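Listed features, source Swiss-Prot:
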- HIS18: active site, proton acceptor (ACT_SITE)
- ARG14, ASP15, SER168, HIS195: substrate binding site (BINDING)
- ASP15, HIS195, HIS197: Mn(2+) binding site (BINDING)
- 6-256: domain 'Pyruvate carboxyltransferase' (DOMAIN)
- ARG14: site 'Transition state stabilizer' (SITE)
Amino acid sequence: MNPPTVTVHDSTLRDGQHAVRHQLDADQIRAYAVAADTAGVPVLEVGHGNGIGASSRQVGLSKTDDATMLTTAREAMPHSRLATLMLPGWATSTDLRSAIRHGVDIVRVAAHCTEADVTERHLGVIRDLGAEAQGVLLMSHLAAPDELAAQCQRMVGYGAQAVCIFDSAGTYLPEDVTARITAITTAVDVPVAFHGHNNLGMAVANSLAAVRAGARVLDACARGFGAGAGNTQLEVLVAVLERYGHPTGIDLRLVAQAADLAERTLMPAPPTIDSTSLVSGLAGVFSGFKKPVLAAAQRAGVSPWDVFVELGRRRVLAGQEDLIPDAINTLTSMGERP
């Protein structure tokens, strides 16, 4: 039996934005989109790190507006499909209509792992507008496999044509992925995707576990570009999939060159697993908290490690960075210091 084909979903120009405070410009987007398209990357996701409509003081003002980002990428890619992400509460139906008008083929609607209900209206709008609608569950480690499967069933019922779970905190080991993807693929009859982060150095291994459990779409970023320890590394994932015989349609040499370009032009340095990224994975806290935690901990004279442990105890979610000062207050009241 031949290994199944795997669709690689390149999130470099969306999830990578977290690493540069959403400051990618049109020239950077254009150059990478051309390289990805040339390499045969089937899907390229573009946007503010938190999705369309999310540019704000709370989660970061984008250097480039949504319309410019999407139009620039669309014009640079005659072959690859263009995807974007939206979070209900940030993006509106108006944002969706604008994104699809600017050439988006796939819209992912993301929600906390136990709150699939909030995706219903948006998934329906996307289908009505003629784009492919996908449902995403964030912070998926906070839900048991059967709960994730039930939430994915709801999204499929709302119109999702694929479902994806994010290891938002980079906390999974392969057996965690196997249990969750197996439960989901058993419960739904649409493609299942996995989005890994590399806090524990397991992103590629976890992605392989996902495929073996039935996932057919894997997310990745060039050089792992992303917050903290970064995402599944695109060019490494393609190479490993190739070694295992999984067709991807991607030219390995050209995607490696695209990753070289990304390192030179998109990021100050490739992501690494430092102690802060490690503890955020262990604590189950989204990697986007890294920079604000480091800054706040330094000002307060407390250990970033302890801040992450406290945030993990509180089960914080992306967008709740305003809880960092309160976590630090708790630590200082307990007499915690570096």
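Every residue gets a Cβ built from N, Cα and C, even glycine.
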Around HIS195 (substrate binding site), how many other CB atoms lie within 10 A of its CB?
29
ASP15 (substrate binding site) to HIS197 (Mn(2+) binding site): how many Å between their Cα atoms?
10
For the domain 'Pyruvate carboxyltransferase' (6-256), what's the mean pLDDT in this predicted model?
98
Just name the winner among ARG14, ASP15, HIS18, SER168, HIS197 (the recorded positions) by count of other CB atoms within 10 A of its CB.
HIS197
Measure from the CA atom of SER168 (substrate binding site) to the CA atom of the residue listed as 'active site, proton acceptor' and give the result in Å, rounded to a whole number.
12
At the Cα level, what's the spacing in Å between SER168 (substrate binding site) and HIS197 (Mn(2+) binding site), rounded?
7
What Cα-Cα separation, expressed in whole Å, is found between ARG14 (substrate binding site) and HIS197 (Mn(2+) binding site)?
14
In terms of DSSP three-state secondary structure, what is the assignment for ARG14 (substrate binding site)?
helix
